[in-house]
Amino acid sequence: MENKPSVLTDKYDVGRLLGQGTFAKVYYGRSILTNQSVAIKMIDKEKVMKVGLIEQIKREISVMRIARHPNVVELYEVMATKTRIYFVMEYCKGGELFNKVAKGKLRDDVAWKYFYQLINAVDFCHSREVYHRDIKPENLLLDDNENLKVSDFGLSALADCKRQDGLLHTTCGTPAYVAPEVINRKGYDGTKADIWSCGVVLFVLLAGYLPFHDSNLMEMYRKIGKADFKAPSWFAPEVRRLLCKMLDPNPETRITIARIRESSWFRKGLHMKQKKMEKRVKEINSVEAGTAGTNENGAGPSENGAGPSENGDRVTEENHTDEPTNLNAFDLIALSAGFDLAGLFGDDNKRESRFTSQKPASVIISKLEEVAQRLKLSIRKREAGLFKLERLKEGRKGILSMDAEIFQVTPNFHLVEVKKSNGDTLEYQKLVAEDLRPALSDIVWVWQGEKDELTSQQETEYQQQQQQEQQEQEEPLKF
């Protein structure tokens, strides 16, 4: 590959070499506009075309665009010249996880953190039908905050790579981390193969060495095929049990990610993580309470009891009224499905749902609180007519949270918008479809998009309601 450019398309300064492979080199870069650090992967177009790998490059781009997750290296943009293809990616200052493990085994809590983040990333990719197929410490990077980032999707597979039997058939990956069914050149399930590799990574993090290793490659394959490994004496019993289930040579009986999350070792670490988070929240709240406890005149909290409730589920701000936002005709047009321009911008337009209701705002709020309690969601008021609902447990992409905002069209006619503010979009869609919609049915008049046109009965009801309210407004006051 020819010498690197010092500036890439007037957008990035290109700096030192970070690493290289057969067909590509990765350089440190910096955005000229924002000063943000990036990693720039330069691929020799001629080399990849000679060996027929251009489709693999295209697949890697597709996968990285699908797999947007906090624990997956983000692809910012792709550029190309006559001789090169450039991937501009998230820069991970901490380097490879391999470098940490090379110095020796990690503490249990540190190993748990990395394993937890790895499982979250892999689970998310699988939910998008993306299978990595080359999970190993060299492909797991660390950012500035020591958070894990899965990288190098060059060997990954999409669901459409499967044959008619529904299995993958390409042998790939690093031998010491590859599942037995992949080595045997049989069709394999990408999900199960990735779980095996995650099991090997977990062993390496806790032991500091590989579970399957031999100078003779065929002997190593034999050990992998029989799951012939010995756990060190310092491994806790619950870790041994989990590893035996992850490194099960039979893919049919190998543990699933859902069951990994339920394992005692995984839950124990999660419990410790939640305790730390709760402690941090209490510390933040105590600091905020100290600063908010006095006003400009040095007086304490007001006597009207307008502070947050003790249970923290419902927070009412002192300056906020209970009245929802009023909508005018232009607001309604902008919010209507027919005028929604979000689809033009290529984003997934499934992150929000709207419904209309003929119930008063107080009834809608009470119903939201009741449903939140039933679905084990926390709910708190942010401002007039706006509520934050959150799941108590982390999902594939962190805590799933959504905003429910009530808009007043008339005193007895409201529009409610439920919008995802954090977490996985697929989890949000499932929650809305399977839980929220049925639970809210008795206050919903119609969901947006459910019917393109209102039924004649609904139209008549709405017109009558509008006429009645107009008459009430026009009727002169009598003293």
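Glycine residues also receive a Cβ, built from the backbone N, Cα and C atoms like all the rest.
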Candidate ranges 152-181, 212-241, 422-451 [criterion: Swiss-Prot lists as region 'Activation loop']: 152-181
Further ATP ligand in Swiss-Prot, beside LEU18, GLY19, GLN20, GLY21, THR22, PHE23, ALA24, LYS25, VAL26, within candidate set LYS41, LYS45: LYS41
Helix, strand and coil residues within the region 'PPI' (350-379) as assigned by DSSP: 14 helix, 9 strand, 7 coil
C-beta crowding around LEU18 (ATP binding site), within 10 angstroms: 16
Least buried by Cβ count (within 10 Å) of the binding-site residues GLN20, THR22: THR22
Non-site residues, in chain order, whose CB comes within 8 A of the mean position of the CB atoms of LEU18, GLY19, GLN20, GLY21, THR22, PHE23, ALA24, LYS25, VAL26, LYS41 at ATP: MET42, ILE43
Cβ neighbours within the same chain of VAL26 (ATP binding site) - under 8 Å, at least six residues apart: LEU17, LEU18, GLY19, GLN20, ALA39, ILE40, LYS41, MET42
